[in-house]
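In what follows, a structure is listed as structure tokens, so that the remarks can point back to it.
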Amino acid sequence: MMYAPVEFSEAEYPRVTYQKRQQFWDPIRLALFTLAIVAIIGIAIGIVTHFVVEDDRSFYYLASFKVTNIKYRENYGMKSSREFTERSHQIERMMSRIFRRSSGGGRFIKSHVISLSPSEQGVNILMVLMFRYPSTDSVERIKKKVERTLYQSLKTKQLPFSISKPSLRLTPIDNRKMRSLLNSRCGIRMTPSNMPLPASSSTARIVQGRETAMDGEWPWQASLQLIGSGHQCGASLISHTWLLTAAHCFRKTKDPSKWIATFGTTITPPAVKRNVGKIIVHENYHRETNDNDIALAQLTTQVEFSNIVQRVCLPDSSLKLPPKTSVFVTGFGSIVDDGPTQNKLRQARVETIGTSVCNRTDVYDGLITPGMLCAGFMEGKVDACKGDSGGPLVYDNHDIWYIVGIVSWGQSCALPKKPGVYTRVTKYRHWIASKIGI
Ligand code: ARG
């Protein structure tokens, strides 16, 4: 629509001003003005309510109790063992069953088993329980509520584990204590406010993907940089000092003094920076076939675990992911083939692809060895790309994250029938243990 210019003669001018003044409070203006005032008041009330009434805060408790219907097993002492992982999941699931549907006004967030230890006729369980309650509630009042819910479910619910009532102890703990207890376990993500992050539902991608806005979403992600020429590869923190990465990242140089590692969701500025003191490349790495594309890099000084920096779990060598399992790949790599490195960390949800499919003549025609794992989509579109190499492909098992792949190679990026190829970490579980003892 076009607007024709209106011209006024000098003589008409006074009449126009007069009319304007009289019409200033016409019904439409009045209505809009009222609406604006109402909106402002509404927003103000909303903000006040949010901070005064709805202000929940986290409450953490350390729970210890004895379970009498299971026997202690040697491997419960090893937190990376299948036995420990499975038992903890069962106990954590029981806790959600107890608290999820309980009344009490608050909200159960989640629980994590810290340790399983032997006791006469049974197993002692130490675990952290996390709740959100209105901040006006007191720690002791909530403790009573939690205890009551627990006691009640011991009596009324059919629980898989027999908890001995007299052994049950509940101790309120603060943020720092909770964090340090959880640090004894790998693969747990937290937001900066110490709220546990839910399992990600994002379907974004590295190629054409979204930036990871949240700090602490992928706290094991590291950037390996050559001093003077910047980001080269991704890597994953697996202990206080060790990074897991790809062998091909060290084609240019294996001299550790030329390398640094950074952590955090941006390359510049990094949240944490460390020098590299040692590099171990797989002795059977083949640059022609990309077989055994795995390496370890040790930091000269250890990193403290926090919300921002955390280690990922190594999977048991027996872990098998069926085709079409949802996994995530993250990295600072390019978003188009041959594009530049990204300063902000990106993530993509991809799906595992069976080796028989990946080795088809129309896919990778037999190039996939037992030490490799394909992930992506047959139609392409979502993939890792140049610069993501060495970075993690992770799998979420009940809020505990495991590294199942290392970004290794692929034909171009995100092409149909050319998914990403990753180093199959389960295949190298014993190699890792033989090199660094974890
Ligand atoms: N080799 C590449 C690098 O050095 C990563 C390749 C991953 N490619 C892929 N299409 N998934 O960064």
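Including glycine, each Cβ sits where the backbone N, Cα and C put it.
What TrEMBL says about a protein is an automatic prediction, not a curated fact.
Taken from TrEMBL, the feature transmembrane segment applies to 30-53.
Residues or ranges marked as domain 'SEA' by TrEMBL: 57-175.
TrEMBL lists 206-437 with the feature domain 'Peptidase S1'.
If you take the C-beta of HIS248 (active site, charge relay system) and look for same-chain residues 6 or more apart in sequence within under 8 angstroms, you find TYR285, ARG287, ASN290, ASP293, SER389, GLY390, SER408, TRP409. Annotated active site, charge relay system per TrEMBL: HIS248 (among others), in sequence order.
Under the three-state DSSP scheme, ASP293 (active site, charge relay system) falls in the coil class. According to TrEMBL, the active site, charge relay system annotation covers ASP293 (among others).
Per TrEMBL, active site, charge relay system is recorded for SER389 (among others). Around the Cβ of SER389 (active site, charge relay system), a 10 Å sphere holds 25 further Cβ atoms from the protein chains shown.
Mean pLDDT for the domain 'Peptidase S1' (206-437) in the predicted structure: 95.
All protein chains included, ASP293 (active site, charge relay system) registers 29 other Cβ atoms within 10 Å of its own Cβ. Secondary structure of the domain 'SEA' (57-175), assigned with DSSP and counted as helix (H, G, I), strand (E, B) and coil, comes to 42 helix, 48 strand, 29 coil.
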